[in-house]
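Among the features that Swiss-Prot reports, region 'ManNAc-6-P epimerase' is placed at 1-234. What Swiss-Prot lists as region 'ManNAc kinase' is 235-518. The ATP binding site annotation in Swiss-Prot covers 239-246, 365-372 and is backed by sequence analysis.
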Amino acid sequence: MCRVQGMIEEIVNRLRGKLIVSCQPVPESPFDNVASVVAYARAAEASGASGLRIEGAANVAAAAQASTLPVIGLIKRDLDDSPVRITPFLEDVAALCDAGAAIVAVDATDRRRPVPAAELIGEIKRRGRIAMADISTLAEARNALAAGADIIGTTMSGYTGEGPTPKDPDLDLVAHCSRLGSFLIAEGRYNSPQQAGEAIRAGADAVVVGSAITRPEHITGWFRDAVESAAKPSSPVLAFDIGGTKTLAALVRGREILERRVMTTPASVGSESWIGAIASLSADWQGRYQRAAIAVTGRVDGEIWSSLNPETLAIPPDYPLGRRMGAALGAPVEVINDAQAAAWGEYRFGAARGRDMVFLTISSGIGGGIVLGGRLIRGARGIAGSLGQVLVAGPSGFVRLETLASGFGIAKMALEAGHAGDARSVFSAAAAGEGWARRILLDAASQLAAAVAGLQAIVDPECIVIGGGVGMADGFLDMLREALGSHSAVMRPDIVAAELGADAGIIGVADLAATYFS
């Protein structure tokens, strides 16, 4: 007994925190022979694996002879009167022990079976081997340990029910079983290094990986499906960009806008007539899309749309825009803040092209979006990137940045200086050499420069992309860069002009719906 216990401790210590490779070829494949299994075993050992899982007594015997790694042995059978396949008979246990398996795996699920799992575990122990129980539930793990199993494997999770096999491994089962105190091996659908690492972090002592290493038929299929799916033209996305004055509807595929329509944004935001008017813009496109997406000004938190600045657009409180538009369109609808959507568009197809970035749109107001590590950062409250809402010191106290540096802010400062008109007229006056106009624009650029320097310090993106009617107006980026000259070099961001223009939001929101949220 002491000798057996010592062997158990020695082997589990060799496996703790290590990779076990399952060398089980696809049945009747070109690799379904003893020589291939031995080659797999040798390659696994040479590459740093610490254990092998092998099916069939002949394969176990050959691998145990060719490798110094401990072998988990099993025999698979297809029975007419039982769904249990892994080592269902006592004679299977005997054959595996005689073949040299250090560990014998048995199906320990709670299903109809020819021999109780407890008897199989007892026979493994009687023969001086380590008993591994392949289970699918926490209750089965507890029963197997009560029967004397030395190792629990999550092998059967997802393979005992009536429904389709899950795509991902059962990390929840790993976490629950890790609290039982026995040696735990995570197994089943670990098809990436990331998933294997997650299993260890979830509490597994070791991880078995099979198909992703030793089944080229499966690996080829994964890559084939990914390539063919990417090459296949996707269905267009129905996308809307709803602004305070106009609404754009378009069918979008990738960065290509296939068709577009524009209308004046209806009054009575959120009313049934408002929903109906916007939905009617795309009525004859029914059947050409499967998903829809909406870019809107304001705050989007989950499915709830609300105002960040009611002066820009008055939105009914806690308005479920996605649900209302989804019902009208008969399709699932994603709703994204328009500046965040534009940030994604510029990241995917525009000025940033895959770089960590912040996008700022400077027009009637100031909005923004952040993309880091390939992810759109929406934030806990849906307001990430909303630089225009940051409070800054104004002439008479703290005000929103967009009050001073947006199109509305520029027009207001011009009016206070005795010059009525909009931001466009201020730019025209500055271009004509009017000193008052240039001072207003330089002041706006200075306020914005201080804010983006702070943004660089907080987010530290590779670039800050500037768009919007004010941001792209002649000379404004030069003024912004000039104002940034008063800040230290490390705080001066790489300022680049947006490339997608007014289409950034609708392209971005469509791509998010097609790829990011699908």
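Each residue's number is its place along the chain shown, starting with 1.
Glycine is no exception: its Cβ is also placed from the backbone N, Cα and C atoms.
Distribution of Swiss-Prot features across the structure.
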| residue | record | contacts (Cβ under 8 Å, 6+ apart) |
| --- | --- | --- |
| Ala239 | ATP binding site | Ala249, Ala250, Leu251, Val252, Ala292, Ala293, Ile294, Ala295, Ile506, Ile507, Val509, Ala510, Ala513 |
| Asp241 | ATP binding site | Thr247, Leu248, Ala250, Ile294, Ala295, Asp338, Ala341, Gly505, Ile506, Val509 |
| Gly243 | ATP binding site | Thr265, Thr297, Leu313, Asp338 |
| Thr245 | ATP binding site | Thr264, Thr265 |
| Gly367 | ATP binding site | Thr297, Asn337, Asp338, Ala339, Ala342, Leu360, Thr361, Gly385, Ser386, Leu387, Gly388 |
| Gly369 | ATP binding site | Asn337, Ala339, Gln340, Ala341, Ala342, Ala343, Trp344, Val358, Phe359, Leu376, Ile377, Ala384, Gly385 |
| Val371 | ATP binding site | Ala343, Trp344, Tyr347, Ala352, Asp356, Met357, Val358, Phe359, Ile377 |
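Taking the Cβ of Gly365 (ATP binding site) as centre and 10 Å as the limit, one finds 29 other Cβ atoms among all the protein chains shown. Look at Val371 (ATP binding site): DSSP puts it in a strand. In three-state terms derived from DSSP, Asp241 (ATP binding site) belongs to an extended strand segment.
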